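According to Swiss-Prot, the protein has these features:
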| type | residues | note |
| --- | --- | --- |
| REPEAT | 12-51 | repeat 'WD 1' |
| REPEAT | 58-99 | repeat 'WD 2' |
| REPEAT | 109-150 | repeat 'WD 3' |
| REPEAT | 166-209 | repeat 'WD 4' |
| REPEAT | 213-256 | repeat 'WD 5' |
| REPEAT | 287-326 | repeat 'WD 6' |
């Protein structure tokens, strides 16, 4: 693998940066912080640097996550906050020479802090999943993608019998399966547990699998792009210091079809049970030796990045039989290590 170079970007945030993410093309970047501000950066080809082009206050409390919508819907951002809100921003023309970000919608259905958000693949419409500390997953949809002012709350899913107590630290995360052509799946981290939900033909979401083995709070969860493979990969970042990678395979489609055809004579939950998917833990790595906070796959699903309290970003590459190996460690304190 080629040597990895690290560049420091001066965000000028006044508090912890809770999230950073690229847009679809990797030419723009956005950060959100506990200082309640969102900052958008554009890449300059001439200087090969990132420059802040827009910034604004996006809530009344710490901002937890920010997400780009697919560019087919325009330049659109969603931001979630500890103030229980999810805000939608759209970049609009201010005049002939400049643009500005405008808040076009505010979703305030949560009864507690919203901790994570995820847009679905654009082929399934303009949908947004939001999970909050009240142990509830909410699915929103902009029925008219050309008008992002109006969002409909399509589903409200209780992840636990009751929310965590005030003495417990809440930990919830969500990630939409990036597959464009298959069924719609959502992976959810719920305290020490992780689940996969599937949408049926009636638009209802049901739990179809569990990702086992976690012994502490799950901080992040993500799907790998399938790239035409017959299975999925899901990674989790956990407070117990482990990065875990799961292989998920669907059962025979004919069985699902038979169950769907017989749906009128079956109960609502009968098509969806914890045997609908085959889940296998194929990797468990404790290289961080401390709490792991984030994990993400690259666009081909062959390299996984993880970051933890050790101040390092570790890159994991898939080898034969989906065995992942740490190939590089990136740290701001020293030159990136090639392993």
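Yeah, the Cβs are placed from backbone N, Cα and C, and that goes for glycine too.
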Notebook entry, point to check: Apart from its near flanks, which chain residues at least 6 from the ends of the repeat 'WD 5' (213-256) lie with a Cβ under 8 angstroms of it?
Noted result: 169, 171, 173-179, 182-183, 185, 187-194, 196, 271, 275-297, 299-301, 304, 306-308, 314, 316, 322, 324
Notebook entry, point to check: Near the repeat 'WD 6' (287-326), which residues from the same chain, at least 6 beyond its ends, have a CB less than 8 A from one of its CBs?
Noted result: 1, 4, 219-227, 229, 233, 235-243, 245, 247, 332-333, 339
Check: What average pLDDT is reported by the model for the repeat 'WD 5' (213-256)?
Finding: 89
